[in-house]
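What follows is one structure encoded as structure tokens, with my remarks underneath.
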Amino acid sequence: MDYKETLLMPQTEFPMRGNLPKREPEMQKKWEEMDIYRKVQERTKGRPLFVLHDGPPYANGDIHMGHALNKILKDIIVRYKSMSGFCAPYVPGWDTHGLPIETALTKQGVDRKSMSVAEFRKLCEQYAYEQIDNQRQQFKRLGVRGDWDNPYITLKPEYEAQQIKVFGEMAKKGLIYKGLKPVYWSPSSESALAEAEIEYKDKRSPSIYVAFPVKDGKGVLQGDERIVIWTTTPWTIPANLAIAVHPDLDYYIVEANGQKYVVAAALAESVAKEVGWEAWSVVKTVKGKELEYVVAKHPFYERDSLVVCGEHVTTDAGTGCVHTAPGHGEDDFIVGQKYGLPVLCPVDERGYMTEEAPGFAGMFYDEANKAITQKLEEVGALLKLSFITHSYPHDWRTKQPTIFRATTQWFASIDKIRDQLLDAIKETKWVPEWGEIRIHNMVRDRGDWCISRQRAWGVPIPVFYGENGEPIITDETIEHVSNLFRQYGSNVWFEREAKDLLPEGFTHPSSPNGLFTKETDIMDVWFDSGSSHQAVLVERDDLERPADLYLEGSDQYRGWFNSSLSTAVAVTGKAPYKGVLSHGFVLDGEGRKMSKSLGNVVVPAKVMEQLGADILRLWVASVDYQADVRISDNILKQVSEVYRKIRNTFRFMLGNLFDFDPNQNAVPVGELGELDRYMLAKLNKLIAKVKKAYDSYDFAAVYHEMNHFCTVELSAFYLDMAKDILYIEAADCRARRAVQTVLYETVVALAKLIAPILPHTADEVWEHIPNRKEQVESVQLTDMPEPMAIDGEEALLAKWDAFMDVRDDILKALENARNEKVIGKSLTASVTVYPKDEVRALLASINEDLRQLLIVSAFSVADESYDAAPAEAERLNHVAVIVRPAEGETCERCWTVTPDVGRDESHPTLCPRCAHIVNEHYSA
């Protein structure tokens, strides 16, 4: 007889290899056919709502690793929430206006000068939709579940209509104003930029020390002194109207090289060194406030430069006397307003000097640096020229330097709502906690928000002008424009005359003849996405404001978190979110930024093509995403190895359930043996830990707990030990059904617990669970497992955890014996232990077969104590152990070594247990 035929070996169609790149798209097709998103929403209808509001990615180009990290994190949360008592809709969105799309079209050869603004905007819209379709497919390939057929898009009419209402509401509260003000200006984009559109990069600039001759010393100075300033922007010298000093600082009048100079006392030493005064002496000391209203002379124009006082002056660098050009700096502008100085800005929108800078008109500002420095040298005002490399603001899109330039712009007042904003920040939960400090400081220190842009592709600023140039914004005009946009989209603004955009019969005191013009600037794109709390959360029936969570990269403290907060507090007085969670950036394996030049870019599409989305998702779960994270082929290899172990654990459990029906074969929990109950108690512990980790967005803990449970608790212990029962015993034997009961409960619970992270694999496992109690087609339509009721659970855990420590000792002794060639496999061993007293009682209380638990052929507890163990025994923590080769023959069926093999003459190669099973169940 072939005894192999009498073994109950595992059977399952669940494949050992994931082959995810091929299998995942098939699974996704199935989800689409069953309309899984709608099914989940229907099943969870009426539960408390949990809204994770999607920050919209920009609709341009393929998705990168940062997108993948972001969308997968969101998906894990949404999937978990919908399996734990919430209705968790997920509406993805796209940000679609702005310069990158204009630039992309220009690169494609579109000549925007040859068409109307409205025509150009139609091409922009078409391009945006193409990009959305491309990105949507890539996001879906990641396994992200959402309302992909009805996303929110910032260029959709209903979105724009709500955005106009946000603007109108802010205007009504006096928070929108038009003003001349220095703003970040990008000559390369020919537009104003918001702070969120600025990035700092190193730039080489000239560093000059310039002497301004004193014209009127106002009785404090004699009139033969020269005030020394320092600047790295010589091109702003033509716009100089003042010199700022700090009222409370001491200033020296210094004599050097036969001349007298004014510098801050604290900086005199460093200035002398820098400009090369070898012998210098202090003639007089004065306070900054004494110098107020002293008149100096512009170095090369016939014009005065007034000494003014400003709190912004520091002694960090320079001379303590600050060159002040109100048209080219925020502090300069503010101090200029205080002293009634004009706002002079002799630079045009392309960065070229104008006629207001005689002698330099027509020069690009950066080129003018040289000519102006030469002019200063000619007139004897230049004390020193050198070059420095410093961190300087650049346009985040064109990567070119920006300048400060005073222009007429539309602003949203931050100042008027600053206290409310800071209160709203306090009431929000920020994770990580440093996020709160970061956004608090940003809001505390930021200026008013410049919301106008001089571009074509964006939402128009809905303002009309009367015949006298007065801006008109009324409830009536806002309501009308909002309705027009809802009906026709914002292109209508560029297709119609002002009169056709106003309500029928509209009149206004500023236009006695009924003539109106319209604003041509558009809104900053951050105003677009920043209005989503109204344009999406309020607009849609399935969502609500405030959202439970905003989750984006840490660059969004100054971006979307900030603009959303500003508009929401302005309109509603409250934050648009209850909680904000931020993640770091994706770096390469060595912690470097990814760049084409370094050749270290990891592309999500490629990872999915080679390894699958579930591997990428498992990587996301494995990292500490609140800081910057690393990815490389090597890191993904390690993650794939963990995936393989988890998958193999599932496969083993599924394979050993092939003949198990939980409705008929399950053993009630109360009737299970201690070890089986212990495993269910361990499963209970896992369920509690994993759910707690999901609740606190600690996915790395989920990853580690699941990995540990599969490899240590299951594979290395219970499943290994259970083979002897599962394969060897008769099919319907009580011990075998007990183990299968544990496996069934475990496989169902693990499939659910891992489903938010590995949705494809979890559903594949789900399909292969034989005779499932829950007859639903996807694990996504179930809830997270609940712990089972187990009598005396804590005592059980304490007892068996203690046994596991003893087992570790014995395994160590077996390992040593194997290395010393005393035994081969552990089943060839006979083990004798000499326990410490408390361990003796523990071993005596165990009813299970200790041979089976330790996978050895003979096991005995010696009468002698630990201390009295013979010299040959290996002394370990809890027991002393002697390992010898087991005596007897090897049973052909179960591989146990015993002297009793062949006792049943009809089965000369079997042990009595196997002979009995074969006689009872397999004899013809």
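The backbone N, Cα and C atoms fix where each Cβ goes, and this holds for glycine too.
Per Swiss-Prot, the features are:
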MOTIF     57-67  motif ''HIGH' region'
BINDING   Glu552  L-isoleucyl-5'-AMP binding site
MOTIF     593-597  motif ''KMSKS' region'
BINDING   Lys596  ATP binding site
BINDING   Cys891, Cys894, Cys911, Cys914  Zn(2+) binding site
8 Å Cβ shell about Cys891, Cys894, Cys911, Cys914 centroid, Zn(2+) site members excluded: Ile728, Glu892, Arg893, Trp895, Thr896, Thr898, Val901, Leu910, Pro912, Arg913, Ala915
Secondary structure of Cys914 (Zn(2+) binding site) (DSSP, helix/strand/coil): helix
C-alpha spacing of Glu552 (L-isoleucyl-5'-AMP binding site) relative to Cys911 (Zn(2+) binding site), in angstrom: 64
Local backbone state of Cys894 (Zn(2+) binding site), from DSSP in three classes: coil
Proximal residue to Lys596 (ATP binding site) among binding-site residues Glu552, Cys891, Cys894, Cys914 (C-alpha distance): Glu552
Those residues of the chain, 6+ apart, with a Cβ under 8 Å from that of Cys914 (Zn(2+) binding site): Tyr3, Ile728, Cys891, Glu892, Arg893, Cys894, His907
Around the Cβ of Cys894 (Zn(2+) binding site), the count of other Cβ atoms that are within 10 Å: 21
Within the motif ''KMSKS' region' (593-597), residues counted as helix, strand or coil by DSSP: 0 helix, 1 strand, 4 coil
Residues in the motif ''HIGH' region' (57-67) grouped by DSSP into helix, strand and remaining coil: 3 helix, 1 strand, 7 coil
Under 8 Å by Cβ from Glu552 (L-isoleucyl-5'-AMP binding site), counting only residues of that chain that are 6 or more apart: Gly55, Asn70, Gly559, Trp560, Phe561, Ser582, His583
DSSP state at Glu552 (L-isoleucyl-5'-AMP binding site), helix/strand/coil: strand
Model confidence over the motif ''KMSKS' region' (593-597) (mean pLDDT, whole number): 80
Neighbour tally for Cys891 (Zn(2+) binding site), based on other Cβ positions within 10 Å of its Cβ: 25
For the residue listed as 'ATP binding site', the number of other Cβ atoms found within 10 Å of its own Cβ: 7
